[in-house]
Amino acid sequence: MELKKLLECLTFYNVNGEVENCEITSLEMDSRKITSGSAFVCITGFTVDGHDYVDQAVKNGASAIFTSKPLMKEYGVPIIQVEDTNRALAMLAVKYYDYPTKHFPLIGVTGTNGKTTVTYLLDKIFEYHQKKAGVIGTIQVKIGEETFPIVNTTPNALELQKTFHVMREKDVKQGIMEVSSHALDMGRVYGCDYDIAVFTNLSQDHLDYHQDIQDYLRAKSLLFAQLGNGYDSEKEKYAIINDDDSSSHLLKRSTAQHVITYSCKKEATIMAKDIELTASGIRFKLHSPLGNITIQSRLMGMFNVYNMLAASAAAIASKVPLNVIQQALESIEGVNGRFEPIVEGQNYSVIVDFAHTPDSLENVLQTIKDFAKRNVYVVVGCGGDRDRKKRPLMAEVALNYADHAVFTSDNPRTEDPQAILDDMTAELDANSGSYEVVVDRKEGIAKAIQSAQKDDIVLIAGKGHETYQIIGHTKYDFDDRDVARNAIKQKGE
């Protein structure tokens, strides 16, 4: 694409150099990936500043450089200065890949907990509706039956638009994606033409990045504020909002589009009534403007009633018939790393779950306590280089519900694992409950499983689907499910 044409997507910028006859063959934010004809966009990250790598980019063949601050020397290629290269990158990527989300409807799901499950449920619903879906989520990118690994809940703007471009080429008819508060705040999803925005819930998380819970909510609300800012004003847009969450009033005010509410407690557009929670699943009646259906699901817990309501509301807004929604939801056996049972013939239960916030941990433990026959053990930690304020809260929740807690490492990253555990236990005393601290996660899981007797339940929380543990800057192979299976087998020997 000609640089001159690419620049049409930017409103304000300064150019130093000649843009005529400059052909751009790729967009890159990593100087190591630059080849002849690439445009290099300098992104200032948490630890690395792309402006420090302009020399390397030009040496590798960059044809143009996008910056957010003046450069100290000439490079012989056009230098385009913008106010914010993060937001500029998003718009450049959308333009370069020819506005891919114009070509299929897109659902964005945001909230502290439940995003992955809701996108999974929606994928299954559209599969039953015989509509090929592309999903971008915490676990993976899924296009039809193909899956690809993923690093962030929401990829950077460049990878995101590239993925949408691939979806378009593979004839995807419905896009579904998790949208993180980081991505919204950094402008990674600028230019994404959302048709439906879904809000699950809000509780404390990511306060290492956001100033406070209000700033976190503000970031989430951007998804709803951007509804209707797309390319086709004739298309109806919908905001799907959990009306039982205390933040719902602000999110309703954040959008000028149609609002669909869902609730388990009060009158709403979509409601769950006659809810039955058992050790084998969930049963409830879904009430909607299109009629009522009964859902019998193998998923567990009240939190999954909300997840199914959110997915159903988005599906109804997408014109999916109620009977298709019912069939799809009743077919689902579970979600990878979400309340996932580990069964090796043992006479006690082991469950792996991604719960890594105080609210999600409480939801899962409350569900377990509702059907537990004997003792409940929980293995849990907190991530390093992340919100320190939630650490004592995680320990408090664990001891409020479990008969015994094993506090252990999660992904310590660059922090001292023992220091993280000290933060978790700092406010505990002799009356707080039964717990032990085991720094090594493998040992912690093994200890809990060794302690379990007939009809006990062991919850291994925090990492869920993850197949790694981050220590320092290195990712090591580590899967809670595999570690649990091995511990169960060793106990039985």
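Just so you know, the numbers here start at 1 and follow the chain as drawn.
A Cβ is built for glycine as well, from the same backbone N, Cα and C atoms used for every other residue.
Secondary structure from DSSP puts Thr112 (ATP binding site) in coil. As annotated by Swiss-Prot, ATP binding site applies to Gly111, Thr112, Asn113, Gly114, Lys115, Thr116, Thr117, with the evidence given as sequence analysis.
Lys220 (N6-carboxylysine) falls within a helix when secondary structure is assigned with DSSP. Residues or ranges marked as N6-carboxylysine by Swiss-Prot on the basis of similarity to another entry: Lys220.
What Swiss-Prot lists as meso-2,6-diaminopimelate binding site is Arg386, Asp410, Asn411, Pro412, Arg413, Gly462, Glu466. In this view, Arg386 (meso-2,6-diaminopimelate binding site) is surrounded by 19 other Cβ atoms within 10 Å of its Cβ, with every protein chain counted.
Tertiary proximity for the motif 'Meso-diaminopimelate recognition motif' (410-413) is limited to same-chain residues at least six positions away from its ends with a CB under 8 Å from its CB atoms, namely 356, 380-386, 420, 441, 462-463, 466, 469-473. Per Swiss-Prot, motif 'Meso-diaminopimelate recognition motif' is recorded for 410-413.
Secondary structure of the motif 'Meso-diaminopimelate recognition motif' (410-413) per DSSP, as helix, strand and coil residue counts: 0 helix, 1 strand, 3 coil. Within the same chain, residues at least six positions away from Glu466 (meso-2,6-diaminopimelate binding site) with a Cβ under 8 Å of its Cβ are Gly337, Phe354, Asn411, Phe478, Asp479, Asp480.
Nearest neighbour of Thr116 (ATP binding site) by Cα distance, taken over the binding-site residues Arg386, Arg413, Gly462: Gly462.
According to its DSSP assignment, Gly462 (meso-2,6-diaminopimelate binding site) is coil. Here the recorded positions are Lys115, Lys220, Arg413, and the one whose Cβ sees the fewest other Cβ atoms within 10 Å is Arg413. Pro412 (meso-2,6-diaminopimelate binding site) has Asn113 as its nearest neighbour among the recorded positions Asn113, Thr117, Lys220, going by CA to CA distance.
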